[in-house]
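Enquirer: Before I ask anything, here is the structure I am working with.
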Amino acid sequence: MKMTVDFEECLKDSPRFRAALEEVEGDVAELELKLDKLVKLCIAMIDTGKAFCAANKQFMNGIRDLAQYSSNDAVVETSLTKFSDSLQEMINFHTILFDQTQRSIKAQLQNFVKEDLRKFKDAKKQFEKVSEEKENALVKNAQVQRNKQHEVEEAANILTATRKCFRHIALDYVLQINVLQSKRRSEILKSMLSFMYAHLAFFHQGYDLFSELGPYMKDLGAQLDRLVVDAAKEKREMEQKHSTIQQKDFSSDDSKLEYNVDAANGIVMEGYLFKRASNAFKTWNRRWFSIQNNQLVYQKKFKDSPTVVVEDLRLCTVKHCEDIERRFCFEVVSPTKSCMLQADSEKLRQAWIKAVQTSIATAYREKGDESEKLDKKSSPSTGSLDSGSESKEKLLKGESALQRVQCIPGNTSCCDCGLADPRWASINLGITLCIECSGIHRSLGVHFSKVRSLTLDTWEPELLKLMCELGNDVINRVYEAKLEKMGVKKPQPGQRQEKEAYIRAKYVERKFVDKYSTLLSPSEQEKRIISKSCEDQRLSHTRVSVHTPVKSNDSGIQQCSDDGRESLPSTVSANSLYEPEGERQESSVFLDSKHLNPGLQLYRASYEKNLPKMAEALAHGADVNWANSDENQATPLIQAVLGGSLVTCEFLLQNGANVNQRDVQGRGPLHHATVLGHTGQVCLFLKRGANQHATDEEGKDPLSIAVEAANADIVTLLRLARMNEEMRESEGLYGQPGDETYQDIFRDFSQMASNNPEKLNRFQQDSQKF
């Protein structure tokens with residue numbers, strides 16, 4: 001070890017020694033400053049490194065999130081995952097490097113400064129103190145006078161002791177200086193060497209890590225080159241396709257008009273339509289509609305679950321809507337609700353209507369057998385009230401309706417194609433149909449044919465009676481009168497196109513109806529009328545039914561002796577309440593109905609309760625709301641009321657009769673039914689939406705007439721209907737369709753009117769007593 005300060009000079013305490021000490025002390029002070037600065041920089045570097053590792057970890061988490069996002073791309077996901085794992089290892093290596101830096105630089109140099117330099121400073125303080133004491137002893141010894149021997153000896157002893165202490169401390173101080181100068185070299189070099197070895201280990205680990213990752217990176221680079229080439233190729237193809245599409249004419253937007261019944265994904269057609277909401281504001285909202293799985297559904301967003309508009313297309317129909325201000329509208333009607341839709345153009349509207357009709361037909365063909373296995377689901381007839389969960393005693397349903405309707409002659413086979421065991425019916429025509437023909441009937445629209453299922457739908461008693469009054473034989477005698485004469489053959493089962501053409505010609509164009517050769521003018525009709533005053537008989541005597549009832553079954557439907565046709569028991573009229581004496585009109589009995597105007601024929605047949613004649617009149621184009629100017633503008637529906645037939649009224653209503661059309665006296669069907677005390681008809685008209693607030697020329701509404709006549713049953717019905725109407729108005733559009741008590745009472749009256757009408761004849765019987 002090379003001595004920085006000489007021990008001999010220390011003993012001499014020469015100026016050279018003092019100069020050497022001054023130089024060493026200055027050097028040590030500067031060394032302390034440098035080491036303190038280096039330690040602070042090391043601490044800052046370590047803190048910054050830790051922050052770098054923390055930020056790097058967040059960056060790695062971002063890469064992992066991106067890898068999870070790219071889970072559908074195996075190459076990207078695998079690459080990002082592998083790279084993030086490798087970089088995470090590098091973060092771990094950085095953490096180790098910073099830990100080793102803290103131990104090698106910060107800890108070692110701080111220990112050197114705190115331990116060795118502190119000892120040097122302590123030794124320096126002792127040396128400076130003893131040096132000062134030595135100087136004081138020398139000065140005191142020099143100042144002692146000769147004649148003071150005692151003081152001389154004392155000063156000499158102090159000086160000797162002080163010199164001895166000085167030499168001892170000075171030698172220790174010099175030793176500390178020399179040791180410090182030697183140790184600082186080793187400590188600094190040792191720290192830096194440890195720091196460099198830490199870096200060596202860091203880069204060696206990184207090299208090993210990336211050596212393993214190198215082949216994968218090389219393969220990925222090759223894949224990337226191929227991806228770049230493929231991307232350039234796809235870009236050229238897309239640019240070419242883009243250029244081709246730009247050259248097309250999109251003015252008609254024919255691409256949206258396509259529909260495919262046999263689509264692999266089950267979607268027949270899809271696209272945007274406007275849907276009218278059922279809220280109070282009737283707002284229109286644009287939604288994505290699709291026809292799939294025999295259902296019409298829509299959704300606002302793709303992630304939303306589709307909302308089902310029509311659960312079973314077989315139970316609905318579609319028609320144009322021209323009576324609203326918005327263009328291109330059409331309506332999908334099911335037994336329980338309707339949905340108003342709007343397309344963007346006329347072509348799109350036609351395409352959607354055709355798609356719905358085609359889907360309905362396809363559903364009939366493919367699911368004919370399955371439909372019979374479906375759960376019995378209630379779907380009230382057109383115009384009737386929502387009846388909720390009815391008991392079997394109050395509504396006829398399923399096999400019961402099927403058996404009763406098929407008992408009518410001709411109803412055991414399809415009316416149009418002859419297929420056996422038909423399970424569908426057209427309620428306004430009174431015929432039975434196979435499932436395929438019923439689909440074609442639905443496509444005609446409800447103004448031509450209203451289709452119901454004999455096994456799936458719920459049948460109210462008056463509707464079932466109507467079906468039993470007509471039948472396939474009766475209707476075919478009218479609509480196929482000229483079939484053999486024209487040489488036309490009925491289509492066979494399975495020939496759908498032939499069926500569709502035949503059914504349209506039969507019911508829409510009415511090509512096979514035997515038109516009347518000549519129709520007399522009104523003046524000629526008057527000449528051939530045999531008039532007699534029979535109004536008194538009509539208003540004061542009980543009118544007997546056309547058919548004589550001979551048997552009653554469990555449903556309350558009475559069979560007739562002549563042809564098995566069903567009819568209602570007769571009802572009597574209340575002559576005291578109807579018209580003042582002397583104001584009764586003369587009724588007309590005609591010689592031959594074929595010479596009558598179809599409207600007049602319907603008018604006459606409605607009073608006579610002759611449903612076959614009524615069907616014939618409608619087939620010849622009779623207006624169901626025809627008004628007889630010779631009899632106070634009375635309508636066929638009013639005549640049906642006067643005739644006392646509930647089934648006749650039901651038939652006219654099913655064929656579009658206006659329940660609120662009034663005669664010149666201001667009396668509608670509800671007025672006349674109330675005057676005559678026909679409780680069943682009052683119940684029927686109220687269910688069909690008759691206006692009970694309308695007043696006649698005398699200012700009387702049906703309720704005041706019933707109260708005046710003291711007809712408790714009709715008063716009950718009218719007041720209950722009025723109360724229910726007020727409840728619905730107070731609840732607004734979002735209220736329930738009717739109170740359960742109201743529905744139950746009306747069902748009871750409907751059952752009683754159809755099955756036990758004699759129970760409702762109390763008013764007539766009481767009036768006859770007087």
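Think of each number as a place in line: the chain as shown, counted from 1.
Cβ atoms are placed via backbone N, Cα and C, with glycine included.
Annotations per Swiss-Prot:
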type: DOMAIN; residues: 266-361; note: domain 'PH'
type: MOD_RES; residues: S384; note: phosphoserine
type: MOD_RES; residues: S387; note: phosphoserine
type: DOMAIN; residues: 399-520; note: domain 'Arf-GAP'
type: ZN_FING; residues: 414-437; note: zinc finger
type: MOD_RES; residues: S521; note: phosphoserine
type: COMPBIAS; residues: 548-561; note: compositional bias 'Polar residues'
type: MOD_RES; residues: S573; note: phosphoserine
type: MOD_RES; residues: S576; note: phosphoserine
type: REPEAT; residues: 632-661; note: repeat 'ANK 1'
type: REPEAT; residues: 665-694; note: repeat 'ANK 2'
type: REPEAT; residues: 698-727; note: repeat 'ANK 3'
type: MOD_RES; residues: Y734; note: phosphotyrosine
type: MOD_RES; residues: S767; note: phosphoserine
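Help me understand the surroundings of these features in the structure.
Expert: Here the domain 'PH' (266-361) is broken down by DSSP into helix, strand and coil counts: 19 helix, 42 strand, 35 coil.
Taking DSSP states H, G and I as helix and E and B as strand, the domain 'Arf-GAP' (399-520) has 52 helix, 13 strand, 57 coil.
Proximity of distant same-chain residues to the zinc finger (414-437), defined by a Cβ-Cβ separation under 8 Å and at least 6 residues beyond the stretch ends, is recorded for 314, 361, 364-365, 368, 371-372, 381-382, 402, 405-406, 449-455, 463, 466-467, 469-472, 474-476, 490-496, 499, 502-503, 506-507, 611, 615, 651, 654-655.
Summarising model confidence by region, the repeat 'ANK 2' (665-694) averages a pLDDT of 91.
For the repeat 'ANK 3' (698-727), DSSP puts the residue distribution at 24 helix, 0 strand, 6 coil.
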Enquirer: Work out, from DSSP, the number of helix, strand and coil residues along the repeat 'ANK 1' (632-661).
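Expert: For the repeat 'ANK 1' (632-661), the helix, strand and coil counts are 17 helix, 1 strand, 12 coil.
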